[in-house]
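Colleague: I'd like to ask you about the structure that follows.
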Amino acid sequence: MITSSSFPLLCLTISVLFLLPLPSSYSADPDPLQDLCVADLSASTPADYNFPCKPISEITSDDFFFDGLTKPGNKTKVFGVSVSAGNVLTFPGLNTLGISLNRVGFAPRGIVPPHSHPRASEVGVVMEGKILTGFVTTKNVFYSKVLTAGEVFVIPRGLIHFQLNVGEGEALEFTAFNSHLPGSAAVPLNLFSATPSISDHVLTKTFLVGEDVIDNIRSKFRF
């Protein structure tokens, strides 16, 4: 729980996380060509998620404010984590600005499983608890560290990474991205719950196991 003593740290954290990705040389999204371009979410969504601008006459102050990070999201039963996402889909004022922010809550032993963000690098700060954070490079080198409240991590764009709650109680972190919609490709979900399913032959050859093992794993991701 965020207490009055931790609130100043939270305010500083959010300010720093939003400011870090702002220089154009660090942004994963194209530079904006106008003062603002609030996403028109009622328009048909293009494949690349570059939303058209809402007409200026329809823009209100509410488009530039978001309270979704003040409360936790629903925890997943499988992984024991909750994510409250502040991206262009929930916060239209971020459109074309090259920034977004998540609140991530962890149940005891909860994990954000190995995944990658194809459109952004990630920086985050632990607010509560003890979280093991790690990533693997394209040369198969593994970097990791256990972080506690106030400590910060960074994940280079596109690399496989994870976060695991290794403390006794719940944990909380805030993460920021240099994209208004960084995307997330979760390895276990991609492999075992894709639609249509990836062939058992592919998975058995990949992991050097029998079909019974693949079927058992796949059954755990039928939500």
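Positions of Cβ are set from backbone N, Cα and C atoms, glycine also.
Okay, so TrEMBL annotates it like this:
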type     : residues                       : note
SIGNAL   : 1-27                           : signal peptide
DISULFID : Cys37-Cys53                    : disulfide bond
DOMAIN   : 67-215                         : domain 'Cupin type-1'
BINDING  : Asn102, His117, Glu122         : oxalate binding site
BINDING  : His115, His117, Glu122, His161 : Mn(2+) binding site
Colleague: Based on DSSP, tally up the residues of the domain 'Cupin type-1' (67-215) by helix, strand and coil.
Modeller: 25 helix, 59 strand, 65 coil
Colleague: Enter the number of other CB atoms within 10 angstroms of the CB of Glu122 (oxalate binding site).
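Modeller: Glu122 (oxalate binding site): 24 neighbouring Cβ atoms within 10 Å.
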Colleague: Measuring CA to CA, name the entry from the binding-site residues Asn102, His115, Glu122, His161 that ends up nearest Cys53 (disulfide bond).
Modeller: Asn102
Colleague: Excluding His115, His117, Glu122, His161 themselves, which residues in that chain have a Cβ inside 8 Å of the centre of the Cβ atoms defining the Mn(2+) site?
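Modeller: Residues close to the Mn(2+) site, other than His115, His117, Glu122, His161: Ser116, Phe135, Ile155, Leu159, Ile160, Pro182, Ser184.
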Colleague: Under 8 Å between C-beta atoms and at least six apart in sequence, can you list the same-chain neighbours of His161 (Mn(2+) binding site), or say none if there are none?
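Modeller: Set apart from His161 (Mn(2+) binding site) by at least 6 residues yet with Cβ under 8 Å, we have Pro114, His115, Ser116, Glu122, Thr133, Gly134, Phe135, Val136, Ile155.
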Colleague: Counting other Cβ atoms within 10 Å of each residue's Cβ, which of the binding-site residues His115, His117 comes out lowest?
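Modeller: His115, out of the binding-site residues His115, His117, has the fewest neighbouring Cβ atoms within 10 Å.
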Colleague: List, in sequence order, the same-chain residues at least six positions removed whose CB sits under 8 Å from that of Cys37 (disulfide bond)?
Modeller: Phe51, Cys53, Lys54, Asn95, Thr96
Colleague: Might you list, by sequence position, any residue in that chain lying six or more from Asn102 (oxalate binding site) with a Cβ less than 8 Å away from its Cβ?
Modeller: Leu69, Val83, Ser84, Ala85, Gly86, Asn87, Phe174, Thr175, Ala176, Phe177
Colleague: Inside 8 A of the center formed by the CB atoms of Asn102, His117, Glu122, which other residues of the chain have their CB, for the recorded oxalate site?
Modeller: Ser100, Ala120, Gly124, Ile155, Thr175, Ala176, Phe177, Pro182, Ser184
Colleague: Please report the number of other Cβ atoms within 10 Å of the Cβ of Cys53 (disulfide bond).
Modeller: 18
